[in-house]
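Listed in TrEMBL:
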type	residues	note
TRANSMEM	12-36	transmembrane segment
TRANSMEM	57-80	transmembrane segment
TRANSMEM	126-144	transmembrane segment
TRANSMEM	164-183	transmembrane segment
TRANSMEM	189-205	transmembrane segment
TRANSMEM	217-237	transmembrane segment
Amino acid sequence: MENYLNVANSGLLFLIAAVIFVLIVCQSIIFFVTAWKEGQRRGIEKARMLKAVKSSAVLSIVPSIPIVISLIAMAPVLGIPFPWIRLSVLGSASYELMAAGMGAEIMGISGLGGDGYTAEVFSSSTWIMTLGTISAPIILVFFLKRISSGFKKVQAKDSTWMHALIMAAYMGLISVFIGPPITRGGIELITLLSGAVIMLISTFIERKFKVAWLKEFALSFSMIGAMAAAILFSNIFKGVL
């Protein structure tokens, strides 16, 4: 494992990650400047725009917490640069963890970081993480206009059906993540249930006591709590589950 981690954490990959990061920052600055100038052109007050900037900056921190946690989880196995690149551009925390784990399972390893995780398994994980997101940008470039038109037509005819369609697609996506822990059981199932319970408790508190800020932190709390539960129960049931 040490040999491939030397490559995974090599200076070249860090340089590539840094270049990509700089490009993303430059793109963000360009969008920000363009939006600011457009706001001035439309006569929006400076104080109002500054308030929007501050609130957006604060709100963007919270959704980044699960991403940082995912980076910490993947770094010991995949190194720092590659997960950093993935999570900074197209990837999401949930997708990258799932794809990396699938890459390991295809090679006969129990999961991300399982026994026997070699350079070949590392390559499998990185390829699946990368190829799995290529289709989305290609489809958007060539078919976004048609897809948007189709959605608008369906929504105009029956907004209820449109809502049901989106929810069905979302539930199908969620099922991909919760299926394996349920079928395998053990610590994975306990971890899943722990995260679900924490999410339900957070949602109940947020709605019952009108704690608006908790809505943004619920996912982060459930992920951290589930990870803590996994560590706790792994030690308690070591050698049993």
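Cβ from N, Cα, C; glycine included.
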Residues from the same chain, set at least six apart from the ends of the transmembrane segment (164-183), whose C-beta lies under 8 A from its own: 94, 98, 154, 189, 191-192
Surrounding residues of the transmembrane segment (189-205) on its own chain - C-beta under 8 Å, 6+ positions past either end: 178, 181-182, 211, 214, 217-219, 221-223, 225-227, 229-230, 233, 241
Same-chain residues near the transmembrane segment (57-80), Cβ under 8 Å, at least 6 residues beyond its ends: 5, 7-9, 13-14, 17, 87, 92-93, 96-97, 100, 112-113, 117, 122, 125-126, 216-217, 219-220, 223-224, 227
